[in-house]
Structure formats: structure tokens, C-alpha cells
Protein chains: 2
Amino acid sequence: MFSWSPPPPGPLDKLFQYIDAHQDEFVQVLKEWVAVESVSGQPVPRFRQELARMAAMAADQLQRLGAGVDVVDLGSQQLPDGQSLPLPPIILAELGNDPKKPTVCLYGHLDVQPALRGDGWLTDPFTLAEVDGKLYGRGTTDNKGPVLAWINAVSAFRALDQDLPVNVKFILEGMEEAGSVGLEELVRKEKDRFFSSVDYIVISDNLWISRRRPALTYGTRGNSYFTVEVKCRDQDFHSGTFGGILHEPMADLVALLGSLVDSSGHILIPGIYDQVAPITAEEIQKYKSIDLDLEEYRNSSQVEKFLFDTKEEILMHLWRYPSLSIHGIEGAFDEPGAKTVIPGCVTGKFSIRLVPHMNVSVVEKQVKQHLEAVFSKRNSSNQMAVSLVMGLQPWVAKTNDSQYLAAKRAIRTVFGVEPDMIQDGSTIPIAVTFQDIIDKSVMMLPLGAVDDGEHAQNEKINRWNYIEGSKLFAAFFLEVARLHASDARNLP
Amino acid sequence: MFSWSPPPPGPLDKLFQYIDAHQDEFVQVLKEWVAVESVSGQPVPRFRQELARMAAMAADQLQRLGAGVDVVDLGSQQLPDGQSLPLPPIILAELGNDPKKPTVCLYGHLDVQPALRGDGWLTDPFTLAEVDGKLYGRGTTDNKGPVLAWINAVSAFRALDQDLPVNVKFILEGMEEAGSVGLEELVRKEKDRFFSSVDYIVISDNLWISRRRPALTYGTRGNSYFTVEVKCRDQDFHSGTFGGILHEPMADLVALLGSLVDSSGHILIPGIYDQVAPITAEEIQKYKSIDLDLEEYRNSSQVEKFLFDTKEEILMHLWRYPSLSIHGIEGAFDEPGAKTVIPGCVTGKFSIRLVPHMNVSVVEKQVKQHLEAVFSKRNSSNQMAVSLVMGLQPWVAKTNDSQYLAAKRAIRTVFGVEPDMIQDGSTIPIAVTFQDIIDKSVMMLPLGAVDDGEHAQNEKINRWNYIEGSKLFAAFFLEVARLHASDARNLP
């Protein structure tokens, strides 16, 4: 923690006092939300039930604040294996519709990444545990904590009977970690209804680049997620009885995955860098001005050595260059112990993060051509099948509009510092969806710290970030209303 | 099924009739044994309890036949992670101790490979299911069915009140699928007690090379099972937040695994073929004489194309050349769905089947040197650790002694054919242990068909093999007693 100026007097003062005084209640609600195993990435009925329960809890919370809430049923999802599973609903909520106020639409998601105690969690992932001011649990930072911080901010206005200076809308989905199935279609459908009055869209679904300094995010990478299946037969083989005479699927798959990226992180798929936007002198300058303490970043990441040594190279390879990660293999032996098996059918999983001006369908074609060429050289009698299972474009915003200025001011007020102006290496596809369909300003206002470990074991949010973040959002409502009004006066 | 001569009159006649008449009871006992989830390869308390229960059931079965049974407690096993787990006991059982009779010691194991319904089993792996004369279930052929066939043979003599022509001993262990922990030590300890009177050791823990023709096995490959761990940190990473700046452990591991074997099955570890016994003209002749229907073998294996086109090449690559199989990866994303994770620490698993005159410790050294060289070229900042977790020497027997001749005769009597004289590509380490320590003739007398699928999904034993196998074992007792007596008369 570092020191900052005391909050100014006036309406904010009371809001901040209220939030401080009620912080244990806010943590308690987060605990109840974390206890719901709302995992979207694994298509099993139990998790879908948990997602439905999570949506009902969030709808209830918003209704108690006086919001008009619409729980939109998205129907079912057909899985590749023919199974049909219900999709979690999307919540559309609305507080106020004063035409003289700007309307801020807050996007968040209620689903989480998978988590198992046995993966290396020190506490049960679905039981919030506070240790030294850190609130551990799956979803604490990604994205239940930030969603609740927005709700906390609204509840402070409500509890103090202060007028909300903006109309607030919420759109909360349950499939973000699994490609936001059904969301884009709904946004299109609601473009001229729910979204017609929206001026600003805010997303709080990423992290700062530091443990202490807040950030504003104006760009994210896209993603293209691939599977490559190599099949000899459905059944596995005994490695004694068949070892030595088979084209083993694992040998093929390891060769395919090994052809994707070299030891310096350079992607080996021909043509993949052709589409990447050329770098400009101005851009290089921007990277130089970002305040990133490399040593701290390395320590908080617990990484001995990165692929690059300078701040500029590291940020560019996270934000403006594509990256390829191999996530794992399905169908092989993955448990502890020693099993002497030749897996009969294995599926490798990898993804490429996309940057301006890369295009999902061009990348898909390049990946397929490359893997087919590598496989064909092996003369294997196995069957190979490559699939793009998720394709999401990158996003970049303009940073000179009212909500970016309002957020900067709110950050100065609450934290006493200038934010880092950053991009994010991860993918928040809804940013592209909103920008393309609604055609309004999209901003990312994160409140998690760099070491929160979203998607990893022992995910956490600091109590400090959660509570100060709730204040930040309250301050943002006031600032954006003020700037929006002065914008309107300046109109010709 | 194919036709064979009717059984000859005499004591065998009655034994065979008894076995035929009681086959449903024999299947019922197999069903009870299969229902015990006696998995040894996954070190968890539940499976260890099942292994103890399995041992108690087998001991009870043998006691009811009048055997003297010693259930030998092996104490606990210390796992690499510090955990301590009880080892399953070893059963030493004894029926008869007439010094005028030869003593046959039957080795078997009560543990099984892991099996999950979700892996692709059509029926529950631990519920015996009979379909078209096939008895499906984990352990039916490997090795619970064959162990019970020996017990069935003894029980036929007992039920008919016929004198057992041999003294019979059983040694039944519960850790075969996990490296036979504790067995070698016990065999050494019992060398001058339990094993002092043993003349012949018989193992029925492998398969025929055909679906119909019985086989006798005189050699097996050894095995060296390796893990290679690549670690950046304990926690996983989000592939958006860190993709592009890390030496990703999966990229390192895929490169390491990809350096082991080429697409033609040739092992790429320098020096690995130097120890392999040179091939002789006599040996080539032996391979030529084996009656293997390649087309049938391919069909029953459900493999479109093997690495080799001729019978001789295929058998040599299963029996007299080493093979390398990659089994899987622990610690990476292995479930259905799309998780955007960079695994922080991953462990690849592979094994090399060993043949005469390869040596485990030489192979260990070669593997470690090779992987260290490959890893060092990558300049990765990750940590790599290679471990040999199981090392088992190959085995070859002399095929001209009494028990091999007795088995050939018994096969002729029951099946009306000459057996295939084969080796086995898989590893039955106890063969080497017995040969080295007890210094008596070791024979493998399999009774499972080539398509039984041990270690794979939908493992089965044919009812025909199980029941005729019980007859074979009864006939073997008579033949080995006769030949042993005539051997004794021919002594100078």
C-alpha cells in the first residue's frame, strides 16, 4: 500500500465513508458469489446449473437496488459431440432513465475459469479466504469482484439517498470464459432498444500492470484457439504389445505442436507476421513513457527470466505482437503415476493471440496449411483434423473522449496518481462487439492488481483494490456526468 | 472358434466335464473379482483399500481349496511427494508338499490398470458384462481371469476328489502395474523357504499372438519409464497476460518429447541401439516360421497401417528391438473445452521397451544426456528434471525343458494344435526376478487372445479362453508331473 491524499469534502466524502464502513458486508457478498462454481469452459450440466444460480443471485442483487432487470434466456447450446446444454442467461439491468443524464453501461461476466483444489490451490477455490488483506478464490478478480464493486458504488448512492448522477445499465453474461456464446447476437438484437440510450460502455475485466498503480486500458489482443486431433483408433494401446510398430498419435502430435513456435517465442507458421501493423516512432515513444518496474513485475510474476530484457520489448510482445501458447493435450495420460499406454486418439490445444491488423480467418488458413504440410511430411497413417474453436478480433479505442478523461480524474481523486495508459495482452471480445455494433466509446477500467493470478491457481483480489475500486467507480459516475454536461454545452 | 479333437478318456475327461458344467460359477467369481477397483498405478488411499480387499478375497478363495495361505504385509510406500501409503500384501499359498511330486509355482497379480467409464468404455469397467461370449471388464484378461483359471483347475481336482499330480504354490501380488514394489525383496527373502522346493515357475500374464491359436512365451522386453519435468513456476499463467514473453514450459516439453523418436519409430537418442543384440540367421528363420496372419492381426488391432509391412519386421520390432512411446503430459490442460492457460509446470511421460542385451542404467544415462543436450540448446530459463521412475530388464528363457514340453502337450490335448512359440513385447519383470533369484525354469503360458485389449478401454477375456484355459491348466498339471517323473528316471 502507498499513501494518497485524503478524499475531498462534498458528496464523495460521504460515499467514501459509507463504502469504508460497509466493507465487510461487501466482502461477505463476494464470498457468496465465489461459492457458486459458475464454470463455463467445461460443458457439463452441473456447472450450467451453477451458472443459472449465479445469474439469479446477481439479478436479485440488482433488483434490491431498484434496478429494472431483464433475465434473457439464450436457449441451448449444441456441443460438437451432439449433446445439448442450456446456456446461462444474460442479465440486462437498468437504473434510471433521465434523458438529461448520460447513460453508462457496465459490462461484466459471472462465469469463471475451471479450478480444482488438486491443481495447486492452497485453499478451496470456491471458498473465499482472506489472508493478509488478500481475498483468495476463483472469480475474485475475474470478474465477480469488479462486477460487485460497480454494484457497491451504486448501493452507496442508494443507501445515502444521493441522486445517481448517471443512468446506469448493466449487461452481465455467463459465457465469457468460453467465447461469450450468444452475447453478440443479443447485443445486435438490443442495439436499438437497451443500447439505444447508452453513451459509454465500461468494462472492468482486466488487470493493472502494477501492484499499486491503477491503469486505463485502450486495447486488447484477439485470440484464435485451435485444436489438432491425431487419431489412430478410438481405443488406447498397451505400449508393450504395440510399441514399435505403430505410427503413435502422440509422436505425431508432439511433432505438430513442436512445429508451431521456436524457443525464442517466434511463431513458425509461414506468413503469420505479414498482417501485423508496422511499428511507428510515436508508438515506440508511448511504450517508453509507461512506468513499468521490470524487477517488480518479474518478482510479482515469479518468473526468473522473460524472453526479453527491456520494458519496451516486453510490453510490445504482450500488446502489439501475436503470441502462441500450447495449452495441453486431451486424451493422453495426464494423471500422476506411470501408465504404460499408447493413447489411441489425442487432441492438442493451442491458441494465437491476435493484434492489429491480424484477421482470424487468414490466421485459420495459415495454421491449417502449416499443420497439414508438417503432418504430410511424416507419412503417418493416422488421421489429423485441425479446428478453429474460438476466433476473436483484437480491439483498440480512442483515448481522448469524456469517459477516459473522467476515469483519469476519478483515479487521481481516489488514488492520488496518474493511471498507466495500457493495452492488455488478453482478449475481451465484448470490446470489439460493442465498438462494432453499438458504435459508442468503450473503455476498460480495471481494478485488479498485476499479481491477482486470474485463470491461475490461488486467484485473488486485494481487499484494498476491491474497496478503493468501489470508491473509484462512485467517483467515476460523478466525473463522467460533469464532463458529459460540459461536452454538451460546448456543442455548436 | 475352430474345431479340435474331443478330449481323451481318463482323468482328464472328468476334469473337463466338471469345468464345462461349472463354467457359470467360474464366470460369477470373475465378476466378483472385477468389481474390486484394485488399481495400483494411481497412488491414492481408496485404491489401496480396494487392493487390500482384493488380496483378502483371493486368500479366502485359496483357503477354501485347502491351501495354506500366508498374507505377507509389505508395510508402506513413501511417495516422491512425501506421502506414505500402505502397500497391498503379497499372497503366498501352498497346496500339497509331497516330495515325490514336482512343485509348480504360479505367479499372478491382482492389481489392474486405471479405467474410467469416460475414457471410452462401452460398459462400466468394474462391472463384468458378457456380450457375444466376451467377458468385458478391467482385469478380465490382465490378470484376474488367468489367475482364476489356475484356481478353477485346482478346484476341479478338489471337487472330483482326484489327487493333484503336482504340489501347487501361488504367489499373487498387487503392485504389478506399478513396478512390483516390494516383490523382489520378498522373493529374495523367501528364496530358501517358500521357493526352496519349487521346480517350475509359470506366469499367465500375457496374450496369444492370435485370436484362436494358443501360444507359449519364452521372452519379454524390459522397460524403462521416464518423466521429464519442465518448470517455470508452480502456478499456471493466463495466456493473454503472459503469452509472448515467457519461455513457456509446454513449448520446451514438446520440443524435448519431439526429439525422442522419428516418424518411422526410430529412436533418436544417441547410442541407444548400440547395445541391442545383433540378429542371427537362425533368429530370422524362427521369425519366418511363426504363423501370424498379418491381415487378421491388423483387423483385430483396428490399425489401418503398421510402420512395417512384413510379418518378420513387425515381430522383430515388437520383440527384439526397443521401442519408445510417449504416454502423456501431467500438469497441462487435459480436459474437454478451451482453457487459455499457460501451464506453469508440466511433466512429460515416456518409456523405452528394452531388449537383450540392453541395460537399464546405460539407457538412463543416454536418455538424460540426450534431453540435457536438447534442453541446453533452447536457452530456456525454465528448470528441467529427468527421472527414471521404473527400470526393468528384458527376459529370455530356454524352451527345451520339461515344463515347456508339458505345456505343448497340454495345448495339443485341449486345443488340438501346436502353440505359437513367441516372445512378448511387454514387460513382465517378475520373470527376470524369478530367473535371477530362484534360478529355476520360468515359463509363460498365456490364455488371453490378441484382441483382449489389456491396458486399454473395453478390456475383455473370451468365455471360451477362460474356460478352455482352466482345462489347459488342469491338463498341464498332469503332463508336467509325467515328464518330471521320466526326467527323474533318466537322471544318471
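Each residue, glycine too, has its Cβ placed from N, Cα and C.
All TrEMBL annotations are machine predictions without curation.
Residues or ranges marked as active site by TrEMBL: A:Asp111. According to TrEMBL, the active site, proton acceptor annotation covers A:Glu176. The feature Mn(2+) 2 binding site is assigned by TrEMBL to A:His109, A:Asp142, A:Asp205. Taken from TrEMBL, the feature Mn(2+) 1 binding site covers A:Asp142, A:Glu177, A:His455. Sequence annotations record features per position, and here TrEMBL assigns domain 'Peptidase M20 dimerisation' to A:219-376. Residues or ranges marked as site 'Important for catalytic activity' by TrEMBL: A:His238.
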A:Glu176 (active site, proton acceptor) to A:His238 (site 'Important for catalytic activity') - Cα separation in whole Å:
40
I'd like to know which recorded positions lie near chain B: of A:Asp111, A:Glu176, A:Asp205, which have a CB under 8 A from one of its CB atoms?
none
Beyond A:His109, A:Asp142, A:Asp205, what residues of that chain have CB atoms within 8 A of the centre of the Mn(2+) 2 site's CB atoms?
A:Gly108, A:Asn143, A:Pro146, A:Val147, A:Glu176, A:Glu177, A:Ile428, A:Glu454
List which of the recorded positions A:Asp142, A:Glu177, A:Asp205, A:His238, A:His455 have their Cα within 10 Å of the Cα of the residue listed as 'active site', in sequence order.
A:Asp142, A:Glu177
Helix, strand or coil: which one is A:His109 (Mn(2+) 2 binding site) in, per DSSP?
strand
Fill in the CA-CA distance, A:His238 (site 'Important for catalytic activity') to A:His455 (Mn(2+) 1 binding site), as an integer in Å.
35
Could you find out if DSSP has A:His238 (site 'Important for catalytic activity') as helix, strand or coil?
strand
Tally every other Cβ atom lying within 10 Å of the Cβ atom of the residue listed as 'active site'.
27
Given a separation of at least six residues and a C-beta threshold under 8 Å, show me what packs close to A:Asp142 (Mn(2+) 2 binding site) in the same chain.
A:Val112, A:Gln113, A:Asp205, A:Gly448, A:Asp452, A:Glu454, A:His455, A:Glu459
Which of A:His109, A:His238, all recorded positions, has a Cβ with the fewest other Cβ atoms inside 10 Å:
A:His238
If you measure A:Glu177 (Mn(2+) 1 binding site) to A:His109 (Mn(2+) 2 binding site) at Cα, how many Å is it?
9
